Amino acid sequence: MSPLKIHGPIRIRSMQTGITKWKEGSFEVVEKENKVSLVVHYNTGGIPRIFQLSHNIKNVVLRPSGAKQSRLMLTLQDNSFLSIDKVPSKDAEEMRLFLDAVHQNRLNAAMKPSQGSGSFGAILGSRTSQKETNRQLSYSDNQVSSKRGSLETKDDTPFRKVLGNPSRGSIKAAAGNGVTPARTIPSLTSTSTPLRSGLLENRTEKRKRMLSSGSELNEDYPKENDSSSNNKAMTDPSRKYLTSSREKQLSLKQSEENRTSGLLPLQSSSFYGSRTAAKDYSPGSTNLDRTNISSQTPSAKRSLGFLPQPAPLSVKKLRCNQDYTGWNKPRVPLSSHQQQQLQGFSNLGNTCYMNAILQSLFSLQSFANDLLKQGIPWKKIPLNALIRRFAHLLVKKDICNSETKKDLLKKVKNAISATAERFSGYMQNDAHEFLSQCLDQLKEDMEKLNKTWKIEPVPGEENSPDISATRVYTCPVITNLEFEVQHSIICKVCGEIIPKREQFNDLSIDLPRRKKPLPPRSIQDSLDLFFRAEELEYSCEKCGGKCALVRHKFNRLPRILILHLKRYSFNVALSLNNKIGQQVIIPRYLTLSSHCTENTKPPFNLGWSAQMAVSRPLKASQMVNSCITSPSTPSKNFTFKSKTSLALSLDSDSEDELKRSVALSHRLCEMSGSEQQQEDLEKDSKSCRIEPDKSELENSGFDGMSEEELLAAVLEISKREASPSLSHEDDDKPTSSPDTGFAEDDIQEMPENPDSVETEKPKTITEPDPASFTEITKDCDENKENKTPEGSQGEVDWLQQYDMEREREEQELQQALAQSLQEQEAWEQKEDDDLKRATELSLQEFNNSFVDSLGSDEDSGNEDVLDMEYTEAEAEELKRNAETGNLPHSYRLISVVSHIGSTSSSGHYISDVYDIKKQAWFTYNDLEVSKIQEASVQSDRDRSGYIFFYMHKEIFDELLETEKNSQALNLEVGKTTRQVS
């Protein structure tokens with residue numbers, strides 16, 4: 001195997017394309033136009049990617065990878081990263097030596113402009129000489145002394161021949177002077193001064209020497225080393241290993257005949273054919289004018305050398321600009337690279353349920369816009385809050401590397417696990433349960449944020465109650481996913497109607513019982529089945545009737561309707577949950593027209609925000625969130641309070657701002673005092689302790705105070721504000737200080753364990769215990785009451801007691817830290833064991849159920865669930881609407897989460913989503929992303945579809961039209977820019 005062409009799995013990382021998947025292929029080093037390049041070929045075919053190596057290598061690393069195998073990692077100057085794995089160690093080492101030589105020549109390029117090509121020729125030639133006869137190797141070994149002597153002299157004639165024509169003939173001459181094999185050449189090129197001096201000649205002299213020495217070399221050396229071959233082709237080191245000696249001799253004979261006759265058929269066809277071949281214009285390629293070299297035959301490539309100076313239309317023009325930094329600027333990728341830009345999420349250990357749900361939520365463009373584009377103050381939100389972790393992952397998912405993305409995924413999982421412990425391990429979980437938990441937690445975080453802004457000051461604005469009261473941020477869950485259903489209970493005796501309203505984030509619908517003669521039922525049938533009228537036992541307060549009828553209608557529609565299809569049934573005899581594999585048709589459109597009234601409110605338009613509803617912000621917020629928050633929940637649990645008001649006031653020299661800060665502190669003290677009086681009457685002493693101070697400040701006023709007195713007052717009030725917080729429990733505090741924004745700084749934050757706050761709690765132990773302060777104060781008071789002398793003995797006793805307390809606290813701290821470390825290690829070990837056990841069980845159950853993964857085609861088993869019956873006209877209208885969406889209140893399919901497996905307790909989740917920006921469907925299977933047709937989604941997921949996302953047709957059309965206009969505008973701007981340039 002040629003050391004300059006190695007094979008193995010390849011992965012490439014660049015700023016433009018991200019990180020690609022491991023693909024089988026090869027690295028091939030070629031030299032062309034005195035530039036060394038790396039050509040990446042994939043076994044699956046396609047356009048090879050070409051990376052310039054000359055003056056472009058940043059780092060080369062070789063690591064072991066299995067028995068007698070290695071992984072070669074190459075980093076370029078633009079931070080592009082290339083890896084090839086499972087390469088034989090010998091070949092990988094030779095490739096590394098060559099790349100190191102290229103890298104070292106880059107360092108000396110300023111003083112030795114021609115050193116690069118010269119040393120490359122010496123290296124490549126010496127490598128070639130290893131494949132010569134043993135006579136040459138023994139001859140080289142016997143010339144050690146002469147080699148050293150030649151290196152000490154300044155006679156550079158042999159090396160000029162190397163520069164002129166780095167063929168085997170020239171290397172043989174160099175071997176006569178003692179040049180060692182390939183593995184020792186890199187050190188010589190970097191340390192030998194005579195070698196460097198021998199390389200100092202300009203390109204014109206080299207070309208003349210190459211042309212003049214051709215006939216001499218033909219007479220002195222074997223035919224396969226004939227220097228009359230293409231100079232340009234023979235400077236390419238990799239081509240010397242493409243064919244055997246026999247093939248080389250045949251090709252050279254043919255070239256000799258062509259040159260003698262004056263005809264160049266191979267040259268013309270290969271050269272001009274290569275111009276029409278596909279070129280690699282990918283952003284990661286630095287040589288845009290390189291052709292597909294591997295597609296040419298050796299004879300065709302060698303025949304190029306007979307042209308004195310080949311001049312394709314763009315080679316010489318682009319060659320001068322190869323080092324121009326503008327080539328590395330991000331460009332709009334072609335359609336062939338769209339799939340490389342899309343990256344999935346790594347499976348952290350049975351977390352396919354989380355990956356599928358997150359991909360579906362992130363694909364909702366209106367949901368993402370409401371989360372990211374309303375100016376939410378992320379620095380005010382704790383680091384471990386789900387909404388902050390969620391938004392951070394949404395922003396970084398398409399631009400960060402896989403390791404960073406995996407870390408962000410862990411933080412999202414930890415944020416949810418902190419509230420719902422069932423998601424903390426690595427066991428399999430239900431995707432619908434995760435979706436419900438995620439949406440509820442996002443709602444709570446937004447409510448906490450809005451409550452925080454009611455009491456937090458707004459820097460730069462006047463301190464008026466109206467401004468703080470009207471600052472409301474839009475909850476993306478409420479505006480996009482939440483809807484309201486009105487249940488009307490109608491007494492069948494007197495007709496009394498009792499309305500009740502309920503908010504939902506999604507609907508869990510039953511599978512309709514399929515009748516054998518009829519075709520399969522659809523999602524539309526299941527939805528209509530949910531809203532059918534039903535009878536129930538109900539005691540009427542007006543007439544005493546015991547029977548009533550319940551009707552369900554939409555009171556407010558969502559932008560996106562989420563439908564959860566109940567694909568499970570409970571087997572009473574076996575006490576097992578079974579998955580139902582019944583076929584259910586997935587329509588492109590479904591309609592809610594039969595479940596709406598004339599009073600039904602349409603979805604929020606895309607321009608709506610909570611700030612527009614400032615006339616009644618509190619009522620609206622309480623109404624839509626009434627189903628989530630219990631009234632008994634203390635308000636202090638909803639405040640993400642960042643105590644920065646003091647810092648804000650001290651940073652300004654304005655007296656008005658100081659007054660405003662003091663007034664704010666007063667209001668906070670009053671609020672905290674009133675809460676304490678209402679909760680516990682026995683704590684009146686604390687509030688009374690604050691009241692005299694407030695009255696004194698109020699009576700004294702601020703007009704007559706100097707700036708220093710105002711600062712002192714602010715500091716005093718701030719200290720009193722902070723004193724009650726010492727008695728609060730740790731869970732009332734935010735898990736971490738929200739002092740960084742997710743978009744810029746979170747990616748650089750120190751490693752942390754967001755799922756617990758144990759790492760932060762020891763910090764509070766170092767502070768003096770409040771109990772110790774109480775005891776010390778009590779002793780001091782007793783000394784005062786008993787009139788203890790204030791001599792040195794009292795001071796010594798006090799200091800001894802304080803030292804004893806501090807020593808005891810330090811011991812407790814050390815014990816707590818040791819215990820915490822032990823518990824952490826035990827928890828990590830248990831977590832690893834759980835992961836291994838869960839993975840084994842998951843694989844075992846999945847393999848057992850894979851044969852039956854298509855499920856059964858029987859009835860749903862829900863005997864009380866009847867099939868919907870339509871008239872012939874209604875059925876025809878619904879069938880037509882499923883393709884066109886012409887009926888009012890129609891919704892368009894945009895995502896499907898599917899469960900693969902025959903049982904409800906094990907399996908695998910995948911997600912199909914419609915990308916509005918690319919106007920195409922994609923399948924996300926953990927880390928793998930593939931393009932799929934909508935018809936395939938509808939047909940392939942009819943037995944496994946579990947959760948369905950439908951977007952209101954008008955909202956969908958508006959988003960699609962906006963995206964098309966944006967793309968058209970970008971194209972027009974691009975054309976104008978190119979015309980101007």
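Even glycines carry a Cβ here, placed using N, Cα and C.
Here the motif 'D-box 1' (71-79) has Cβ contacts under 8 Å with residues 6, 14-15, 27, 38, 51, 55-65, 85-87, 92, 95-96, 99, 286, 328 of the same chain, all six or more residues outside its ends. Feature annotation from Swiss-Prot assigns motif 'D-box 1' to 71-79.
Residues annotated as motif 'D-box 2' in Swiss-Prot: 96-105.
Sequence annotations record features per position, and here Swiss-Prot assigns compositional bias 'Polar residues' to 135-148 (among others).
Annotation comment: Swiss-Prot describes 149-159 (among others) as compositional bias 'Basic and acidic residues'.
Marked as compositional bias 'Low complexity' by Swiss-Prot: 183-200.
According to Swiss-Prot, the feature compositional bias 'Basic and acidic residues' maps to 245-259 (among others).
The annotation compositional bias 'Polar residues' is assigned in Swiss-Prot to 283-300 (among others).
Taken from Swiss-Prot, the feature domain 'USP' covers 343-953.
Feature annotation from Swiss-Prot assigns compositional bias 'Basic and acidic residues' to 683-697 (among others).
Annotated compositional bias 'Basic and acidic residues' per Swiss-Prot: 721-734 (among others), in sequence order.
Taken from Swiss-Prot, the feature compositional bias 'Basic and acidic residues' applies to 776-788 (among others).
DSSP gives HIS908 (active site, proton acceptor) a strand state. The active site, proton acceptor annotation in Swiss-Prot covers HIS908 and is backed by sequence analysis.
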Provide the number of Cβ atoms within 10 Å of the Cβ of HIS908 (active site, proton acceptor), excluding the reference atom itself. 21
Please average pLDDT over the domain 'USP' (343-953) for the predicted structure. 72
Its residues classified by DSSP, the motif 'D-box 1' (71-79) shows 0 helix, 6 strand, 3 coil
